[in-house]
Amino acid sequence: MSSTAGQVINCKAAVAWSAKAPLSIETIQVAPPKAHEVRVKILYTAVCHTDAYTLDGHDPEGLFPVVLGHEGSGIVESVGEGVTGFAPGDHVVPLYVPQCKECEYCKNPKTNLCQKIRISQGNGFMPDGSSRFTCNGKQLFHFMGCSTFSEYTVVADISLCKVNPEAPLEKVSLLGCGISTGYGAVLNTCKVEEGSTVAVWGLGAVGLAVIMGAKAAGAKKIVGIDLIESKFESAKFFGATECINPKSVELPEGKSFQAWLVEQFDGGFDYTFECIGNVHTMRQALEAAHKGWGVSCIIGVAGAGQEIATRPFQLVTGRTWKGTAFGGWKSVESVPRLVDDYMNKKLLIDEFITHRWNIDDINTAFDVLHKGESLRSVLAFEKI
């Protein structure tokens, strides 16, 4: 066991004291893990739009003060009573979608969701209903069961997977959310077939992972859609066959962008993916799916209280509207395989990293994210 096992650890963390305010670098206290919990020394964490979504006040489940972060990687520091699958020194990736392998969801091959700790996780607590984080005597909430914006975090043992110790932790931290989500939406949720046509709304990290998945699936046409044309080069690198800026399309009066797409692309696409979280582009994506068999997958998370709309005729005439969480991967068993795919050069990760920062620069990383200038910023807790 480590020298800190069983003790409270003082460490650095980026704390969100309230919504719509910069994160504050603080020294926090992290309590030892309880039964079926694992304390992890986080080495790397990435900044994701989901973190920004909560920090910006759009998350209906958003709780403050909180330690955000859900894409990360690190090394097990200590384990709680009853933990058999992990030991100090293991290289691990925290998982915001757990996998207990016991609940009715885990046993159902149709879903990758797990409900065992859903309520406590949504409430910002560990499974026993309490927090392991304090700062100056004040309790801090956990986030998505991960809280990777802390040098040490505590997670449930069903919210963690052990990965190949040869894999670079900086890189595989990204498999905790965005890349896995987009890639899996293609391969698992929609099962895109060879020769299919695909359109992707939003060319951030998730959208590019969708494109990567579509290329791997053998799609013959992959169209990237975004308002920021500087993203087109990356989209084509990952496999897009062409890119469109909707603002550059001259639409006849009364014609929608999706109607134009249907005209231009032989009745629409076999598969469409919305990776923005905008209810209007969700409708566009559905209505650009091919009549009779087109499938549209929602990946982006819309703001609290927003609703999607379309005419029922769009669905009656054979289109399917579906969504995905974490790309349909059953997390504990799948992420280690994705790491192996990366190590065997079947999966790109390095190319998603556009910025590297120290944790002290986390607010700059969020600024770059909001400006659309980054795919993934990776932050290190040790000086780089």
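Each Cβ is built from the backbone N, Cα and C atoms, and glycine gets one as well.
Note: CYS48 (Zn(2+) 1 binding site) has non-local neighbours HIS70, GLU71, CYS177, GLY178, ALA205, ARG376, i.e. same-chain residues 6+ apart with C-beta under 8 A of its own C-beta. Sequence annotations record features per position, and here Swiss-Prot assigns Zn(2+) 1 binding site to CYS48, HIS70, CYS177 based on similarity to another entry.
Sequence annotations record features per position, and here Swiss-Prot assigns Zn(2+) 2 binding site to CYS100, CYS103, CYS106, CYS114 based on similarity to another entry. DSSP assigns CYS100 (Zn(2+) 2 binding site) to coil, not to a helix or a strand.
Within 8 A of the CB centroid of the Zn(2+) 1 site residues CYS48, HIS70, CYS177, the other residues of that chain are ALA46, THR50, ASP51, GLY69, GLU71, TYR96, MET144, CYS146, GLY176, GLY178. Its Cβ taken as reference, CYS177 (Zn(2+) 1 binding site) is surrounded by 28 other Cβ atoms within 10 Å in the chains shown.
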